[in-house]
Amino acid sequence: RESDHRAWTPVSCTVTRQNATVQGLTEGKAYFFRIAAENIIGMGPFTETTKEIVIRDPITVPDRPEDLEVKAVTKNSVTLTWNPPKYNGGSDITMYVLESRLIGKEKFHRVTKEKMLDRKYTVEGLKEGDTYEYRVSACNIVGQGKPSFCTKPITCKDEIAPPSLDLDFRDKLIVRVGEAFSLTGRYSGKPAPKVTWLRDDIVVKEDDRTKIKTTPTTLCLGILKSVREDSGKYCVTVENSTGSRKGFCQVNVVDRPSPPVGPVIFDEVHKDHMVVSWKPPLDDGGSEITNYIIEKKDAHKDMWMPVTSATVKTTCKIPKLLEGREYQIRIYAENLYGISDPLISDEMKAKDRFRVPDAPEQPIIKDVTKDSAVVVWNKPYDGGKPITNYIVEKKETMATRWVRVTRDPIFPSTQFKVPDLLEGCQYEFRVSAENEIGVGDPSPPSKPIFARDPIAKPSPPVNPEAVDKTKNSVDLSWQPPRRDGNGKIIGYLVEYQKVGDEEWKKANLTADSCPETKYKVTGLTEGLTYKFRVRAVNAAGESEPAYVPDPVEVKDRLEPPELILDANMAREQHVKAGDTLRLSAVIKGVPFPKVSWKKEDHEVSPKADIEVTGVGSKLEIRNTVHEDGGIYSLTVENPAGSKTVSVKVVVLDKPGPPRNLKISEVRSDSCYLTWMEPEDDGGSVITNYVVERKDVASAQWLAISSSSKKRSHIAKYLIEGTQYLFRVAAENQYGRGPYVETLKPIKAIDPLHPPGPPKNLHHVDVDKTEVSLAWDRPDRDGGAEITGYLVEYQEDGADEWTKFQTVPMLDCVVTGL
């Protein structure tokens, strides 16, 4: 039967074999088949095919796979690939079976896992040195086809091939600045080589201009917008475990040269020509300098004139000059790739080469006494003519006129002893050189010197002693030396030595760090004993040492704390709100006491700035408010004792709001206000109270009293029936405090009283369970309209009245009796 039909169609009834051919089927359709056996008794049950069968051409196993290749071999794995069989047997390939045989064995063993359809497989876990051959079969719905042809025997070992390198560039490459260049090539090797680029033995890294691209077979280094610094010897290294190959290229990025190096030196100057020289450019642009271009210009004209463009030397003669004119020289460097920026000289006047001597360098003064000094100088350039004389001049430092020290010639000696100085005066000296052309410029003035006899080292300081000490320092004091050696005492050097040591250590390195006759030696070790000595120092050197008589044991000297109060620490301190509160005291004690400030036995406010110095302490609170008032205490404590002082601080401010504002005795035109004084009077006496009122329908408050000293007030002139709010504020000499306001408005009306009793109560009718009552209105309604009458009844002899109901009229029927 067809798979989509339910009816069975007979094929044959006379089949005696165990097979039959079914004809007349439609290709592509699916069918089910069933078979029953029959004997003379009858036909047995049918047996059906379990699955539908699609009618198509006959299906066979696939052909053998093709092109089985070994792609990679290592010491413990083999990677193989293959192509599908040319014919799949009429059915899709369902999997491939890869088999291997160890050389020397007979059987092939399956190595792939179930249902493998990939045509690439890596056999792993092999033993190094073993040799295998492989084959692969394809499977379809029918079964497994023939295996492929076997591979050659494959031995498990790492595949090795030394690197090879094929470069596309020559040994040298010249590139213009700004152009791009690239170095490319191909390479191979197993295992895959590592590619490294170097420039002048430094690894090249990628950046915005430098790009490196490496594929498994090609390599490339590219440089965009090249600059001179890209020049160098480039090296590409291709390396694996078997060896390495290198390729080199000398890249020269060329440009025009940089300017010649100045300054331009005028080697010779004459009235009609000059000889100048210079230094080559620092950067020749990567190409040899072919020539220099030299031009000249009259300093007072704008036109440059050529001198030469054919020199390769760094010196040139500038001809055809006019005497007395000033000239500038301009020099360019040129190479194959262009002309540099120019080097321009200073202005130089064309004049004869012979001139007065140059000014000598600053002279040196030595061997100074109270009336003489020796001036020493170096010979200057003689201007082309021999020096015939030196002129030495002197000048008092504060004077303006220079005076020659002698009319006699001074030559060839380059020093002269100047006589006739005034003791104690300060002098400067200068020297000029003279040749046959004339007298040259004077030298710079010498350093000022005082005319006085040379100084000697001072005598030792007098009476050094230890005047104070702590656990790590000692204070020393002494008197100046009796003799200062005719020189000012620059300062003193203090040294100390631990008892038992041989070495003396410097407490200060330079004398000018201790100009006074006292010094604190710090950094000492508590409990040790030290010796001390002091030297005086002047310009001539150090004196002999003066010793402190006895060794000093380093430990704290105890003195109990002492407080010297400033004026702002009087018993009571008043400060206006918003001003700054300052409390301070001088503190003494050894060691320096620990300082603590408290307010009412608590920590002071974080807004307080507390400063503690080596001599005292200060507490400062800016922008004080009333809460900053209170009792402040300062405590100082050290091991010798403690001391505490207190000060009451009153911050003067506006008062707080009045308390407990009440309204009473309300009338149609007035009411009575009472209140209590504020909890906080701001530190000053309440001078008066301000009372204001406001109609609830109005936005504006009106003052009804601004000078009342009492804590009550009658508000008059109210409008009957109007609702009012009231508020009160206190004032002292520092201003008006906040208002306290009534919580609810009050209405200006006369007070209400209970009405009078009804009149003439009597009964008008009586029944067995009810009574009809009637009465007249009372004489007074209490100031308001009567809203009703309360009716009560009482059983005769009882004590309590029972409420019946409230009625609006002047009669009522009481029921339920």
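Quick reminder: no glycine exception, Cβ is built from N, Cα and C everywhere.
No curator has checked TrEMBL annotations; they are predicted automatically.
Looking up the ranges 455-480, 637-662, 741-766 in TrEMBL, the one annotated as region 'Disordered' turns out to be 455-480.
Here the domain 'Ig-like' (561-646) sits apart from the domain 'Fibronectin type-III' (359-454); fewer than 3 CB pairs are under 8 Å, leaving out pairs fewer than 6 apart in sequence. Per-residue pLDDT, averaged along the domain 'Ig-like' (163-252), amounts to 90 for this model. Helix, strand and coil counts from DSSP across the domain 'Fibronectin type-III' (460-557) read 3 helix, 44 strand, 51 coil.
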